[in-house]
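Per Swiss-Prot, these features apply:
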TRANSIT   1-24  transit peptide
DOMAIN    57-353  domain 'tr-type G'
BINDING   66-73, 151-155, 205-208  GTP binding site
Amino acid sequence: MLKLSFRSLTSRLPRLSTLVVRGYASVANTGIEASNTSENNLNIQEQLNDNDKKRLKQIRNIGISAHIDSGKTTFTERVLYYTGRIKDIHEVRGKDNVGAKMDFMELEREKGITIQSAATHCTWERTVDQIEANEKQKTDFEKSYNINIIDTPGHIDFTIEVERALRVLDGAVLVLCAVSGVQSQTITVDRQMRRYNVPRISFVNKMDRMGADPWKVIQQINTKLKIPAAAVQIPIGQEDKLEGVVDLIQMRAIYNRGSKGEKIEISQQVPENLIELAKEKRSALIEKLADLDEEIADIYVMEEDPTPEQLMGAIRRTTLARKFTPVLMGSALSNVGVQSVLDAVCDYLPNPSEVENIALNAADSEKPVSLVPSSEKPLVALAFKLEEGRFGQLTYLRIYQGTLKRGNYIYNVNSTKKIKVSRLVRMHSNDMEEIEKVEAGGICALFGIECASGDTFTDGSVSYTMTSMFVPEPVISLSLKPKSKDTTSFSKALNRFQREDPTFRVQLDNESKETIISGMGELHLEVYVERMRREYKVDCETGKPRVAFRETLSKKVPFSYLHKKQSGGAGQYAKVEGYIEYMDGVEDESGNVVDCEFINKVTGGTVPTQYIPACEKAFYEALKKGFLIGHPIKNCRFVLEDGAYHPVDSSELAFRLATISAFRTAFLQANPMVLEPIMNVSITAPVEHQGGVIGNLDKRKATIVDSDTDEDEFTLQAEVPLNSMFSYSSDIRALTKGKGEFSMEFLKYLPAPKYVQKELVDAYNKQQQK
């Protein structure tokens, strides 16, 4: 008999829909209410023919995401092996020096980390036992599934790879370490999944390690990630004796046998020493679902035991609604539990017809349009990743609607260019398979087409566009100079890297004439410098890393500026009046923050309309280089209210110069300040080194915001100025005898201390005087 909870008796939640809404910003912005999603799902299904319905039911587009070193790429390697995609298993840092299939870059195999996201396609044949169980329960299922997988980096410096993968995927597997649990990048990935409304299942990996604690990890998912979670399995054995899992839904034992865990042995008998734990965790699963799903709540109130079919249905509904994540467990390295995750991907993650994707109709005032994954509808596809391949630029596409065929002409809605599809391929890491067509719901790649990441392609019959992904701002820069005089290869490399990676920026410093590259961290820039050497044979000298400071104002200041120049012939005359003030940043439809704006409040024609764009352009140009230390200005609103002009001497140039001078004068009177980037730093190390680590952080002016200590190790979360974090890699190694690790990501900008601002201003003024 099940124990009743007051919460379950009193809460009567409506049944959750099985449609995932992937709006161009959020559900609220699309005008589609969550309560109407079942109706929208019905509309999508009605527009699909029988062949499309069957085809789509067999497709899963998933990403595999995790904190660095959680075993994500090792897990993907097992998936490829068990699905028959590769013939043997190679480890990330294996002794055979082959490396994991999905880490195909030489640098990835040397460093043992994933740098670029890699795509592959595999087919999962359900186990005979699983097929029989589903048939017995009359579950709606398929015997084989086509799974498109994107393996993403775990390091925060390459977070854009996760962003663009999640933008086009329907579901995800979140891999967590059974020892470390929820870490800093886990929280970042969770935030990205929420941004793109991606349902996820969770896999607690490394259950074979000493100190593995899946229950702590599940508690952290509930509390730190704030998404209800419960185990659907418990482990059989611990550490090096791990041999399988107990399936809490079917109440049976699943063992991995064979030298590589390829043989599945299923027993209806749960090991005696685990029966009580299995009952306890199954009850916890049911109680959690009863709080989230009406059908299970009804069963719970009646004190009945739900059937496996009812449990699976509830898990699917709540997972698709992003109200719940089922937690599986095992060890990819020990070949335990991976096949169960593949079954869960098929059982609980959505197929393309269960995800509503929204486009904007450029021909109809950008009204939102719900796309239908029908092979017969007009083509709509999104370019989500660019890569330089052996045969030219490789463009990855997600097909949202229609069919893309080799030999067809397609239209780039963003550039209005017409392009012929000469080669169509399906990627398997860095290998390619030629294909003739890709239907809605599929992922493919094209060769030799000029486009940008985020461009939308159609067959020309519609003018739909899909918003691009969120692109974080770079936080670190350094100067770069080729050692040789071969600037052609240098320029080629920089142009290519900018096209491939929106977070990698290049600019020329007009004063020093240096090339400045900017990115998400030291490792990010280090990788590109090394790739330039290896792939383009260009050795570079690099300067000291620079922090991406910003400038802002702290009070509202009016301006009135007259630009007047008379030197014979045509003169220059322009007057602008208004004010500047501080503004908070607001998110746009793509999730990017807009923190500066120009507002025109001119009435009566005192500034003719033809000169307003020149004023606006001048303001945005001036923002690029501030007046305190030459860094970009943020959080600033420029309001133009009045002005004056001369019928002969006024021009766009005159109003441009007047605007820049007015802005400069007002900005310097508005109590300007320097902002410095604050990083969210996560550190894990053995407990005996905790004092030294905290002392070192204190010297770096860190603010510790959270800490967690286990028997053997501790984890700290701290907010630290990026300017204080240089050389920290060396320090943490020395402080912890090589046993500590850390990660950091940009958190926010805060005013720099006065002494830091004075140093920066003095250095900038000194440089200007040279």
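Each position is counted from 1, following the chain as shown.
Cβ coordinates are placed from backbone N, Cα and C, and glycine is handled just like the others.
Feature map: annotations from Swiss-Prot on the structure.
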| residue | record | Cβ within 10 Å |
| --- | --- | --- |
| A66 | GTP binding site | 28 |
| D69 | GTP binding site | 19 |
| K72 | GTP binding site | 29 |
| T152 | GTP binding site | 29 |
| M207 | GTP binding site | 28 |
For K72 (GTP binding site), name the DSSP secondary structure in the helix/strand/coil scheme. helix
Average the pLDDT scores across the domain 'tr-type G' (57-353) and report the rounded value. 85
So, three-state DSSP: helix, strand or coil for T152 (GTP binding site)? coil
Check M207 (GTP binding site) against DSSP and tell me helix, strand or coil, would you? coil
Which of the three DSSP states, helix, strand or coil, fits A66 (GTP binding site)? strand
